[in-house]
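Written below as structure tokens is the structure these notes are about.
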Amino acid sequence: MAGFPLLLTLLTHCAGSWAQSVLTQPPSASGTPGQRVTISCSGSSSNIGSNYVYWYQQLPGTAPKLLIYSNNQRPSGVPDRFSGSKSGTSASLAISGLRSEDEADYYCAAWDDSLSG
């Protein structure tokens with residue numbers, strides 16, 4: 001079966017008229033149906049290291065949907081094929097039993113303490 005891309009985008013935190021990218025994701029990941037794919041998100045002690053991580057899925061032409069909150073919790077209705085984890089200043093989203101409908105943009109998010117005040 002042919003592989004298909006899971007497109008990833010950097011999350012940008014905005015404040016006022018400026019924006020700063022503080023979390024880093026790889027530009028893309030791919031897999032074949034049925035596989036397990038892991039998407040990474042790297043940060044620092046001021047964001048992932050000291051705050052909860054959230055993951056969003058954005059299908060083409062739709063608004064972002066919350067997949068994971070508080071590092072590893074799934075909202076009602078999100079399949080258990082999706083799981084989140086965090087270790088130190090990095091987080092990851094795992095998708096098991098990959099399906100064609102999983103092709104989307106995936107965003108990680110975390111508050112950054114350095115942007116406060």
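The chain as shown is numbered from 1 upward.
From the backbone N, Cα and C atoms, a Cβ is placed for every residue, glycine too.
According to Swiss-Prot, the disulfide bond annotation covers Cys41-Cys108, on the basis of sequence analysis. For Cys41 (disulfide bond), the same-chain residues lying six or more positions away in sequence with a CB closer than 8 A to its CB are Leu23, Thr24, Gln25, Ile48, Val53, Ser90, Ala91, Ser92, Leu93, Cys108.
Residues or ranges marked as domain 'Ig-like' by Swiss-Prot: 20-117.
If you look up Swiss-Prot, you'll see Gln20 marked as pyrrolidone carboxylic acid, on the strength of experimental evidence.
The region 'Framework-1' feature in Swiss-Prot is assigned to 20-44. DSSP places the residues of the region 'Framework-1' (20-44) in helix, strand and coil in these numbers: 0 helix, 13 strand, 12 coil.
When the region 'Complementarity-determining-1' (45-52) is classified with DSSP, helix, strand and coil residues number 0 helix, 0 strand, 8 coil. The feature region 'Complementarity-determining-1' is assigned by Swiss-Prot to 45-52.
Predicted-model confidence for the region 'Framework-2' (53-69) is 94, expressed as mean pLDDT. As annotated by Swiss-Prot, region 'Framework-2' applies to 53-69.
For 73-108, the entry in Swiss-Prot reads region 'Framework-3', with the evidence type similarity to another entry. According to DSSP, the secondary structure content of the region 'Framework-3' (73-108) in residues is 3 helix, 17 strand, 16 coil.
The signal peptide annotation in Swiss-Prot covers 1-19 and rests on experimental evidence.
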By a simple count, how many Cβ atoms lie within 10 Å of the Cβ of Cys108 (disulfide bond), its own Cβ left out?
28
For the region 'Framework-2' (53-69), residues assigned helix / strand / coil by DSSP:
0 helix, 11 strand, 6 coil
Intrachain residues whose Cβ lies under 8 Å of the region 'Framework-2' (53-69), provided they are six or more past its termini:
41, 75, 78, 82-84, 86, 91, 93, 101-102, 104-110
